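In what follows, a structure is listed as structure tokens, so that the remarks can point back to it.
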């Protein structure tokens, strides 16, 4: 095809999760409840941590940032997805698609880095309790959180540059319910061999690296708890175990999606639901309902 015959795609069609009206209504109800849970749960966490001076430790500072990121992450996808589930024609402008990918990878990578920092925080608190106040000071926490946001921004810029330099001349149907790098680059009118490898090297390797760091941190914590078996350490182990469950549900689907260049499946979009919809909804439950301090602060806030 000669350059003169190439027409720029101005919009994409999102095929969504299902073609049947009954399933679309079921998905709408489920995802609406999940989105409401994300908003209410995470806003409640932010308000509680901000209002209670007792929750001023680094762990709660990081938890507050995680709640804000979860709100941003799910808000990039869920509102439009809910509207599309009730719409006959699910289209998204090319510029909006690029913006959705940019902000999704921005907050998604930031959350990966922040979860890694939170694991390091728990490792320091359990394995080096005497040095913990000096290692995880408020200044250090701000630096780590800022580094997470900067890392997420740089990663997102790389992903976006992979897309905008590609020509799109049709087809324009994305087999998913949101715009993401893997399904979009397969619609380009050129060979994307190098682009897919760059995508895998960026998103895929970041996911694997953060996941391995998290697993290593929690493994060291487990070994430490077994050596120093006390009631306090058992409580810490129980907390880390629940955190690890969320980490697995978040990272394993990401690794599966982003570390497989040149392959695609209709089941990929259903796997994406796990880390885009359900994981942000689970975080408030895992990080608060198993924490007596947060529950007590919430109860005091409610009584006020």
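Including glycine, each Cβ sits where the backbone N, Cα and C put it.
According to TrEMBL:
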type     : residues : note
TRANSMEM : 25-47    : transmembrane segment
DOMAIN   : 41-287   : domain 'G-protein coupled receptors family 1 profile'
TRANSMEM : 59-78    : transmembrane segment
TRANSMEM : 98-120   : transmembrane segment
TRANSMEM : 140-164  : transmembrane segment
TRANSMEM : 205-225  : transmembrane segment
TRANSMEM : 237-259  : transmembrane segment
TRANSMEM : 271-289  : transmembrane segment
Task: Contact yes or no, the transmembrane segment (25-47) and the transmembrane segment (271-289), 3+ Cβ pairs under 8 Å, gap 6+ - done: yes
Open item on the list: With Cβ-Cβ distances below 8 Å as the criterion, list the same-chain residues six or more beyond the ends of the transmembrane segment (140-164) that contact it, or say none.
Closed with: 58, 61-62, 65, 98, 101-103, 105-114, 117, 181, 184-185, 195, 198-199, 202-203, 206
Task: Sequence-remote partners of the transmembrane segment (205-225) [C-beta within less than 8 Å, at least six residues beyond its ends] - done: 109, 112-113, 115-116, 119-120, 122-123, 126-127, 155, 233-234, 236-237, 240, 243-244, 247, 251-252, 254-255, 258-259
Task: Averaged pLDDT, computed only over the residues in the domain 'G-protein coupled receptors family 1 profile' (41-287) - done: 86
TODO: Between the transmembrane segment (59-78) and the stretches 98-120, 237-259, 271-289, work out which stretch tops the count of Cβ pairs under 8 Å.
DONE: 98-120
Open item on the list: With Cβ-Cβ distances below 8 Å as the criterion, list the same-chain residues six or more beyond the ends of the transmembrane segment (98-120) that contact it, or say none.
Closed with: 59, 62-63, 65-66, 69-70, 72-73, 76-77, 80, 92, 144-145, 147-149, 151-153, 155-157, 159-160, 163-164, 178-181, 184, 203, 206-207, 210, 213-214, 217-218, 243, 247, 250-251, 254, 276
